[in-house]
Every structure is written in C-alpha cells, then in structure tokens.
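**Q** Taken from Swiss-Prot, the feature [4Fe-4S] cluster binding site covers CYS573, CYS582, and the record attributes it to sequence analysis. Sequence annotations record features per position, and here Swiss-Prot assigns chlorophyll a' binding site to HIS675 based on sequence analysis. The chlorophyll a binding site feature in Swiss-Prot is assigned to MET683, TYR691; the stated evidence is sequence analysis. As annotated by Swiss-Prot, transmembrane segment applies to 70-93, 156-179, 195-219, 291-309, 346-369, 385-411, 433-455, 531-549, 589-610, 664-686, 724-744, with the evidence given as sequence analysis.
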Amino acid sequence: MIIRSPEPEVKILVDRDHIKTSFEEWARPGHFSRTIAKGPDTTTWIWNLHADAHDFDSHTSDLEEISRKVFSAHFGQLSIIFLWLSGMYFHGARFSNYEAWLSDPTHIGPSAQVVWPIVGQEILNGDVGGGFRGIQITSGFFQIWRASGITSELQLYCTAIGALVFAALMLFAGWFHYHKAAPKLAWFQDVESMLNHHLAGLLGLGSLSWAGHQVHVSLPINQFLNAGVDPKEIPLPHEFILNRELLAQLYPSFAEGATPFFTLNWSKYAEFLSFHGGLDPVTGGLWLTDIAHHHLAIAILFLIAGHMYRTNWGIGHGLKDILEAHKGPFTGQGHKGLYEILTTSWHAQLSLNLAMLGSLTIVVAHHMYSMPPYPYLATDYGTQLSLFTHHMWIGGFLIVGAAAHAAIFMVRDYDPTTRYNDLLDRVLRHRDAIISHLNWACIFLGFHSFGLYIHNDTMSALGRPQDMFSDTAIQLQPVFAQWIQNTHALAPGATAPGATASTSLTWGGGDLVAVGGKVALLPIPLGTADFLVHHIHAFTIHVTVLILLKGVLFARSSRLIPDKANLGFRFPCDGPGRGGTCQVSAWDHVFLGLFWMYNSISVVIFHFSWKMQSDVWGSLSDQGVVTHITGGNFAQSSITINGWLRDFLWAQASQVIQSYGSSLSAYGLFFLGAHFVWAFSLMFLFSGRGYWQELIESIVWAHNKLKVAPATQPRALSIVQGRAVGVTHYLLGGIATTWAFFLARIIAVG
C-alpha cells in the first residue's frame, strides 16, 4: 500500500449538452456513417447497416465518444431487461396459476400462459393440475417468487409496475448521460473509483439488502408456507418489518434486538443465519436460512473489498501499481502496460469480462441442480433441465464472445511498437509452440476418447460384452472424480463447524431427499460411462479453445499473411492472386469456433439430461424404493455410440415425435420447424457467392422484361455475410430442435 498526498479537489467530470437530441437525425437510416447515410444503391446496403450500426469504432475514432455511446447503450439494455422482467411478473399476475401452485407445488405444475381458442390452438392448454389448463412453464419464476416471499398475484402486479417504472428511468438515464450530461473520458478510466463503487455498492449493498429482505420478509413467510398455512392467512411483508413481535414468535432471538451483535454473542442468531448444508427436506431446496447467512457474509466481504482502492484520500491500492509489480523470474516485464491496454481498449476489457462471466454462467448451470437454491425447484424436472441447458448455452456464447473481442482488440487496439517483453508480447512470440501443442492435445484427446467408444461399438457388434470398457467388464473408473466426491462427502464435521451435511447431496454419503414422492436429489454415482463421455467433453472443449485461441494469437499476422492486421477483423481472402488465403480472418475463427462451441455444449446437455433421468430423477414408493425415469440405463447404454443414438436420441424423441394431437404438439411443430431452419443454414454454408450472383442476374433479367425491376440493385451476399447468416441459422435451428426435444420429453415423463 502506498501513502500519497491527497488528490486535488474533485474535478468536473461531465460535459453539459454535449450532443443535441434530434429525432430527424435518428430517423435517417445509417446517420452514423457517411456512406450508409447516402441510402441504398444495392441490397448490400441493408447488410452494412446492420453490421455497422453498433460498431461504434467505425463511427468515430474518438475514445471518449465511443465510451459515451457504450455507456448510454448499457442503460438502453437495462431498460429492455426491466421491461422483460416486468412482462414476466405481469404474466405471473394476470395469466398464471401461481396462487394454486403455492398451495400445492408438488402436484400442480407452474403455468403462466393460456392460449386463445383460435383455429384449435387451445389444445396446447394442458391440464397442469388443480383444474387449471395452460402451457407448463419451465423458467423457475414460481420458485423464485416463493423464495422471495411473494404470496399473492397483487404483489406480482405491484412488482411488474415497479419494473416498468425502472425501465422508463433507465431509458431516461441513457438519454440524459449522452445528450445532457455526458461523462468525460477520465471518468470512464478511473478504475479505482469504479471498483470501489461496483464492489461496495452493487455487490456489497446489493447482497446486504437481499440478505435483509430474506431475514425480515422471505424467511418468516416461507416458515408459514412450509407449515401449511394458507397464503391468505400469512401476515403481509410490511407487518413483519414494522412489528418485531411477529418475527420474535418465529425466531426468538429477534426479541433481543442488536444486543447479541454488540456483545459478540453471534451464535444467538443461528436460528435464521444457519449453517446446515444439504437440502431442506420439506421443499427439496437449500435451507433459506443458509442462503440468508451466505448473502450476509458475501455483503461483508464485498463491503470491505469496496474500500481497498485509492481514490480521493491518497490511501489504498492503485491498480497500475499492482499490475506493474506483478512479474515473476521468467515473465520479463510481466503485466507492465496492461493498465494502459485495459483503460484504452474496451474490447480488451470486454474480452476479460466475457471470459469470466461465461465461465461463471457455466458454474451457475452446475450449481442449480447440485445445490438447488429455491423451494420445490429440484422436483420440477422440466425447470431443472431448462435451467441447466440455458446456462450452458449462454456460457458457451459468452466465451466465444470473449475470443471475438480479444481478436478485435488485437486488430484494432493493439500497438506492437509500445509493447516489448511484457506477458502478452511473450505469449505472441511463442504462439507457434502454444498452438502446435494444443493441436497435439486435440488430436490425442479426439482419437483416444472416440477410440474408446469405437472399441465398445465393435465389441458390442461382435457379441463380445466381456471385452468392452464398462462397469461390468473392463472397468475405467473415474478414480480422481470419485476421490473428490468422497472428500466432500466426509467434509462436514471435519471442516465447517456446525455444518450437519455436505454442500451438495450429489457428493454422496447422505440419504436421498424426496418431496411428495418425487426424488429431489441423491448421491450421483460416477462410473466408466461418465469417464468415457468426460473425455469427449475434454476433446470438444480443447478443439473450441484451439480454434478461438489461434484466431486471437494470429489476428495481426501469420506466416501465410504477414500483414493481416491491415486487412481488418473480417475479410474473405487476401485479395486476388493469392490462393489458399480464404477463411483466415479473425472473424472466421470466431465463425468456426461457434460450431465447436455448439458441439461441446450439445454433448454436455445430452450427458446431463440422460444421466439425471437414469440415475437421479424418479419416484419414491411408500416402501422407499426409487424408480428412475429411464431405470438406470445410462451406465450400460451410453458406453457405445449406438447406445447414444438408440437409447437416448431415438428412445427419448418418441414424446416429441408422437406429440401431435396433444397439448405438447407445439413442441412437435417446433421440432420439425427447427430442423428446417437448421437445414436452411446449409444452403448458406455449402454454397459459393458466384452461384447466387449468376442466379440473381437471371431473375433481374426476368424482372426487367416485365418492367418490375427495383431501383436498388440486388446483390448476392458477400462471403462473410453468407457465413454469418449460415451460422446463425445453424445455431438457432440446432438449439430450438434440442429445446423441443428436451421439453416434450421431460414434461411428458417428469
């Protein structure tokens, strides 16, 4: 820590009335670009308009102006998010069976959409229980609402209106901070102040206020709900806040107020700030008292973290000092210069944030099922499957985005003349070693992981089960994973004081938790089948990383095209007369990386879906016998490629294929339609631009003959545009197909 004299007095950090508000300007398509604003000559214009509308770098090179546009756009984004949230709460208030679900969450399915009777579409309104007919939803909103203490549709209305007000406020803020009071560049670059405010304000006070809400509102209301009290009889939230006696009846230590806190007798509060571990047997979710405790602890950590960085008072850490001190014996200049990169290149900053947020999103996916945070979430299999799948896809897209913006940084913002022997320079100088080794790892993983399956398929085909890799023949047990599981299962009592169960039931050791005769969670066994598919995961992830990292490290130059940086982020080929130089731009690496990201995530969600149906989800009889949805067939069936096709894809597709004439028929239509969208993508991906240009010229000739030719000349999509359209439809079609397949299946059997 460095003590310095205080900074000078607070500087004026905004420009007033920086840019006038002009609807005429906004009404002109392409007003941000001189060429596009001229209007269309050819149909390429509309594609350029879409490509460049949000590429603020192409509008101006002034970093301050770019920063202001990004900042303003963030408020617009927040406005849309609040609008979306408001819509969700409004549907809960107006069209849902929330109050009925609240009274019997184990037998009634959540629904918040009722289809109007137009051309027979009302067939989609299935019976979700309790006499309500509607579409079963799998977003988890009902479970969140219950956990936060919402007991009536009126409360949902109020929240929806509140979110609308916030949406309007955000829209106003976006306009205000660009047109009326636009921050100066120095404000955007003041990282210490930003860290303090984000850590202490957003994360610290945010967590503290949520912990406060949980203790004073959610916990008492959920206590009543768990005891079977009718939601209409439960006191309203403000009564708990205003009347301490009410809370003291449920949690006696409330009667003592803050005395235990100041006398350091904190264990008094353990009844509502608990440390149980495991799941609440009534709801199958984490103990809400554990969650409140967690948020209080997080709040304290972040409130401390938000006071660590040096701003106006000359005391605390400086980010620049930290980064420049960060060097080891073999790392040259270390992180020297990184501070300048991250305060002048928003692409570099965004790339780091996307990589971390993407990884975090995938961590969330894995915790939502292993430590289900909301009441009755674990027994709602459709929601569990949807939440896992959703967070996996989002994480995958964010990580590809990280590589995209890292490459844009390399092309547009990286200045090789000022960088020498820092870590980034050193990585770039030995990029050949990195990429060739990574390539070797991909080849090794690919042949060996796939080879294990091919061996099993061959042995199975030849009728030699005793020679297969399986739990009953040649075992390949995941011993390290089992060791980690076991360590965690034995941890309670040896690590955290007072913890009665391990963090997750999935580790083993504990009994199963079932709610209303349905399994919430139980110890998940790992065997040869998991070992095999795990190595497929390793293979697909390494290939994705290979493609993306190669795109970043070779974004500026390569042996093939030494002057690649001059060609920009996306270009089709290195000009005429240089064969074999197509598909080398940084953009093309992102394009190719998306396909492998899709491969990776598909295998993960297939693994999850089948494993959970086979070994976890199911019903519990009165005698205590568990019957799993697919009867534990994962261990023996998933060890061959044929098993995946026959017992997972084909066997479980029967629900979506046979959905016509039932309330699930929309999924059947989506399954079909999404396959079409996917197939449509191939037309863009497998076809050349010249083919289409020739076809267009014939069609234009016919239009001219009939004197109906448009003024705007039709043009075939450029190579890059065609690829962008192709990959979009490929991913959209693939994801929607998977969505229909998963939901029709799990709603029918779950």
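Placed from the backbone N, Cα and C atoms, the Cβ positions cover glycine too.
Give me the local environment of each listed feature.
**A** Long-range Cβ contacts of CYS582 ([4Fe-4S] cluster binding site) within its own chain (separation 6+, distance under 8 Å): PRO572, CYS573, ILE719. In the three-state DSSP assignment, the secondary structure recorded for CYS582 ([4Fe-4S] cluster binding site) is coil.
The secondary structure of HIS675 (chlorophyll a' binding site), as reduced to three states from DSSP, is helical. Counted within 10 Å of its Cβ, the other Cβ atoms near HIS675 (chlorophyll a' binding site) come to 15, all protein chains included.
Taking the Cβ of MET683 (chlorophyll a binding site) as centre and 10 Å as the limit, one finds 13 other Cβ atoms among all the protein chains shown.
Outside the transmembrane segment (156-179), and at least 6 residues removed from its termini, the chain residues within Cβ reach (under 8 Å) are 17-21, 68-69, 71-76, 78-80, 82-83, 85-87, 89-90, 92-94, 98, 145, 150.
Within its own chain, the transmembrane segment (195-219) is flanked in space by residues 147-149, 237, 240-241, 247, 250-251, 272-273, 288-289, 291-292, 295-296, 298-303, 305-309, 311, 319, which lie at least six positions past its ends and keep a Cβ under 8 Å from the stretch.
Tertiary neighbourhood of the transmembrane segment (346-369): same-chain residues 66-67, 70, 377-378, 384, 387-388, 390-392, 394-399, 401-406, 408-409, 412-413, 521, 608, 612, selected by CB-CB distance under 8 Å and a gap of 6+ residues from either end.
Proximity of distant same-chain residues to the transmembrane segment (531-549), defined by a Cβ-Cβ separation under 8 Å and at least 6 residues beyond the stretch ends, is recorded for 399-400, 403, 434-435, 438-439, 441-442, 445-446, 448-450, 452-453, 456, 469, 476-478, 481, 589-590, 592-593, 596-597, 599-600, 603-604, 607, 638-639.
Same-chain residues lying 6 or more positions outside the transmembrane segment (664-686) and placing a CB less than 8 Å from one of its CB atoms are 123-124, 126, 135, 655-658, 717, 722-723, 725-730, 732-737, 739-741, 743-744, 747-748.
Within its own chain, the transmembrane segment (724-744) has Cβ neighbours under 8 Å at 138, 382, 385-386, 389, 393, 591, 594-595, 598, 602, 605, 609, 652-653, 655-656, 659, 664, 667-668, 670-671, 673-685, 717, counting only residues six or more beyond its boundaries.
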**Q** A 10 Å Cβ contact count, applied to the binding-site residues CYS573, TYR691: which residue has the minimum?
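**A** Lowest Cβ count within 10 Å among the binding-site residues (CYS573, TYR691) is TYR691.
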**Q** Any chance you could find the range in 70-93, 433-455, 589-610 with the most Cβ pairs under 8 Å to the transmembrane segment (385-411)?
**A** 589-610
**Q** Roughly how many Å lie between the Cα atoms of TYR691 (chlorophyll a binding site) and HIS675 (chlorophyll a' binding site), rounded to a whole value?
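**A** Their Cα atoms are separated by 25 Å.
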